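Quick look at what TrEMBL annotates:
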{"type": "ACT_SITE", "residues": "Cys101", "note": "active site, cysteine persulfide intermediate"}
{"type": "DOMAIN", "residues": "39-137", "note": "domain 'Rhodanese'"}
Amino acid sequence: MLPAPRGRPGSAFLRLAGAARTMAGAPTVSLPELRSLLASGQARLIDVRSREEAAAGTIPGALNIPVSELESALQMEPAAFQALYSAEKPKLEEENLIFFCQMGRRGLQATQLAQGLGYTGARNFAGAYREWSQKEG
């Protein structure tokens with residue numbers, strides 16, 4: 001017979017709830033949370049889809065950096081980043097650096113890449129542009 005789990009009652013539920021807020025080990029943000037962060041000016045959005053996809057429509061305020069360029073972009077000197085993307089380079093400690101793509105896969109890849117480079121606040125908008133366009137567009 002296995003011993004009963006130790007810890008506070010409900011702690012397993014809290015761990016499961018926390019796990020649900022991650023997607024394959026990367027922190028995620030939901031559409032309601034994204035709306036709130038955008039409304040309060042607390043989110044920095046990066047659209048990692050191709051330039052053609054982003055030109056067809058994106059979340060307002062998002063900076064487009066295709067996932068194929070992301071690693072080199074996040075390692076650029078701030079002045080070079082500014083010159084290429086006409087935006088301030090994200091800071092390593094930025095709290096809500098949110099990546100998204102069309103369906104979620106590239107956004108997840110981008111989030112994991114950014115985390116690996118030290119961007120501690122990197123998160124993936126799991127609903128991606130697909131959910132945004134269905135519910136906001």
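Keep in mind that glycine also has a Cβ here, set from the backbone N, Cα and C atoms.
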Please list the DSSP helix, strand and coil residue counts for the domain 'Rhodanese' (39-137). 42 helix, 14 strand, 43 coil
Any same-chain residues 6+ apart from Cys101 (active site, cysteine persulfide intermediate) with CB under 8 Å of its CB? Would you list them in sequence order, or say none? Asp47, Val48, Arg49, Val67, Gly107, Ala110, Ala128, Tyr129
